[in-house]
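As written in TrEMBL, here are the features:
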type: TRANSMEM; residues: 6-22; note: transmembrane segment
type: TRANSMEM; residues: 34-54; note: transmembrane segment
type: DOMAIN; residues: 94-209; note: domain 'Phospholipid/glycerol acyltransferase'
type: TRANSMEM; residues: 125-143; note: transmembrane segment
Amino acid sequence: MELGWLLWGTAVLLLLHVLMVLSPTVNFALRISFYCLLCMVSSALAAVACLLVNGGRTVKNMRIIRAFVRPFKYFFGLRFEVKGLENFKVEGPAVIVSNHQSILDMMGLMEVLPDNCVQVGKKELIYVGSVGLIIYLGGVIFINRKRTSSAKMVMSEVAKTMVAENVKVWVYPEGTRNCTGDLLPFKKGAFHLAVQAQVPVIPVVYSSFTTFYNPKTKLFTSGKIKVEVLPPIETKGLTSDDVTDLTDRCFSTMRETLFKLSGRPS
């Protein structure tokens, strides 16, 4: 009986392997499904660890979450090449902005995430099972994107929290995932936040995923991701009148870096 189950199990695994080799769609579906399962299971385990170690919602839990997520890359054959981590070493709080490409961004985030740093995310994430629980415990700041006035109020509170608790805030200024190999126009919320709190903006750029990950073509293979943390951009003395220029300057610098890291002509 046990031999029969072993043979059936082996046959199923071989069939899945053959399908993954022959069909990009099957390969993509299985790898994404495994990634989502890994996220759910790891989040549940990490949540228990966070509650046992720190007792509840706190940015300190990000260290635990980071330890659980960093090994993910080995399951998917992803390699990170990181440059400029010393640029995170600024005194006091800061606003970190980066490009946002896919659900795989979490691996890239945890690869370089500095201590005492929380993310800003959409409110809907809190309802995603154990993933929602763990990002809540990690101190993620939730924004209702459907209510502009609410988002502005939250950003105002975030500015006060940054200074009072000496934390860095990580924001995706594109506002949504974008796996085109280019940047979407930046929303200004992160830059208003930096100017209001008079803290530096630290741009972080990840090379394009398009060579190994593309949902439209069902591509998901192994690959290398280049990451560059750029020098901080000071905002001391700037006012709300300078936000547009600050946003444009940051966009241009990050876009140029994205093309350079991705081996694409600017």
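Here the Cβ of each residue, glycine as well, is placed from N, Cα and C on the backbone.
The domain 'Phospholipid/glycerol acyltransferase' (94-209): residue composition by secondary structure is 49 helix, 23 strand, 44 coil, according to DSSP.
Note on the domain 'Phospholipid/glycerol acyltransferase' (94-209): its mean pLDDT in the predicted model is 89.
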